[in-house]
């Protein structure tokens, strides 16, 4: 009787284990509300991606995420990677404040109250390095040459501090710098064999990288600030290709002036043009980020639109400052020699280049419909007409919110088509720019009241016909306020278009 009872108990336990076992896909745990707490209890360090099956960014991340999971598992690490389909597990998504996809959070020791937001890049090395920084020392102690070689081989970029006295002030400054950098592995050594292997005979810091010149030796007084500046100048390739994976490094970096080479990989002298661009980059490390964009790639077409370029106009070079204004600049010459690109960059840094403002040609029928069509060339004349109250939608053709607004805006135009001093208008801000208005989100709605003082009023009320009418009838008061929707920096990210069924949830970085 006892053995039979034990058998039943064993079968019941096996059934329970089978039901609660954590499913895996490509070494990534698949979590649901029913097993989320179990996963947190089982793993002290858990990185969780909240994703949507339709999300382009999530699809692009998947292979790198799996690669990171496999690498950590192969190393015998305590850290595990997991994923949650937020469209199926809406309670979990709401609990952890998921507003866009992918949202990635790091849970340490089962703490659900304050998980850490993942902030690094989207390549496997970025993920692994960020996690190791969160779970171990800021810098790994390298006791022999094998440990040093292993660290250098482990990532695209590594930094090693060589200090004969690990307790010196310089070593302490190095460790402070290591704590401040999330996405690069650091090592520290006092071992004489490691010094010899890397040709150092005194204290120093070396940045190792698997591209360009291979290594950079720090020179000067070792302080946290100077080390961070040294790393900023040398951690990225001279020329970085814009992709789904590199976008966080490009936008998240400290260098906010970017020069972009739009170059189809199929062009006959591809290597030569890229070589010229790279040669020019050598003189602007830490000042201007040099970015290459494959103009033939489908995912990059929106970036071309943003710069007012067509595929047939490439190769081409443009420069942009990613400050609040997001100002664009165009070279004086179409020649893509290293000398011309270098000259263009120098002229920009010296303040000798005027911003490049795009404009479409003015359509012949621009004023024939209830909603007037504005382009760069007629904007000033129409918007700042002293006798007219002009309400303008600044839109992007691909923007989901703009598409939803379109029929309402058309009705508004119909409502006021015969009004003597109210004009309803629209402007495609991906193809037209004006000095008087800087558009930072889509759609942006601005009111230009009839006056001589060039007043501009932002609209941020309800996007309904009644809301717009109240705003206009109140002279631009009822509904006035700052506008904040789809940020233009997101417009530069690949695969950002929203599907109708996405409920306007942004596919965020």
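Each Cβ is built from the backbone N, Cα and C atoms, and glycine gets one as well.
Feature annotations, courtesy of Swiss-Prot:
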SIGNAL    1-19  signal peptide
DOMAIN    20-136  domain 'Thioredoxin 1'
ACT_SITE  55  active site, nucleophile
SITE      56  site 'Contributes to redox potential value'
SITE      57  site 'Contributes to redox potential value'
ACT_SITE  58  active site, nucleophile
SITE      122  site 'Lowers pKa of C-terminal Cys of first active site'
MOD_RES   202  N6-acetyllysine
MOD_RES   224  N6-succinyllysine
MOD_RES   273  N6-succinyllysine
MOD_RES   333  phosphoserine
DOMAIN    335-477  domain 'Thioredoxin 2'
MOD_RES   359  phosphoserine
ACT_SITE  399  active site, nucleophile
SITE      400  site 'Contributes to redox potential value'
SITE      401  site 'Contributes to redox potential value'
ACT_SITE  402  active site, nucleophile
MOD_RES   429  phosphoserine
SITE      463  site 'Lowers pKa of C-terminal Cys of second active site'
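Swiss-Prot feature annotations superimposed on the structure.
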residue: 55; record: active site, nucleophile; DSSP (3 states): coil
residue: 202; record: N6-acetyllysine; DSSP (3 states): coil
residue: 224; record: N6-succinyllysine; DSSP (3 states): helix
residue: 399; record: active site, nucleophile; DSSP (3 states): coil
residue: 463; record: site 'Lowers pKa of C-terminal Cys of second active site'; DSSP (3 states): coil
Do you know the DSSP helix, strand and coil residue counts for the domain 'Thioredoxin 1' (20-136)?
45 helix, 28 strand, 44 coil
I'm trying to understand the geometry here, so how far is the Cα atom of residue 399 (active site, nucleophile) from the Cα atom of residue 122 (site 'Lowers pKa of C-terminal Cys of first active site'), in Å to the nearest whole number?
25
Determine how many residues of the domain 'Thioredoxin 2' (335-477) DSSP places in helix, in strand and in coil.
42 helix, 30 strand, 71 coil
Using a 10 Å cut-off on CB atoms, tell me which of the recorded positions 202, 463 is the least crowded.
202
If you average pLDDT over the domain 'Thioredoxin 1' (20-136), what do you get?
92
Judged by the number of other CB atoms within 10 angstroms, which among 57, 224 is the least packed of the recorded positions?
224
Could you check the modified residues 333, 429 and say which one's CB has the fewest neighbouring CB atoms inside 10 Å?
333
Round to the nearest Å and give the CA-to-CA distance linking residue 202 (N6-acetyllysine) with residue 58 (active site, nucleophile).
46
Taking the Cα atoms as reference points, how far is residue 57 (site 'Contributes to redox potential value') from residue 122 (site 'Lowers pKa of C-terminal Cys of first active site') in Å?
10
Neighbouring C-beta atoms (10 Å sphere around the C-beta of residue 273 (N6-succinyllysine)):
20
Quick one: what's DSSP say for residue 333 (phosphoserine), helix, strand or coil?
coil
Nearest to residue 58 (active site, nucleophile) in three-dimensional space, by Cα, is which of the recorded positions 224, 333, 400, 463?
400
Are there recorded positions among 55, 56, 273, 359, 402 that sit within 10 Å of residue 429 (phosphoserine), Cα to Cα? If so, list them; otherwise say none.
359
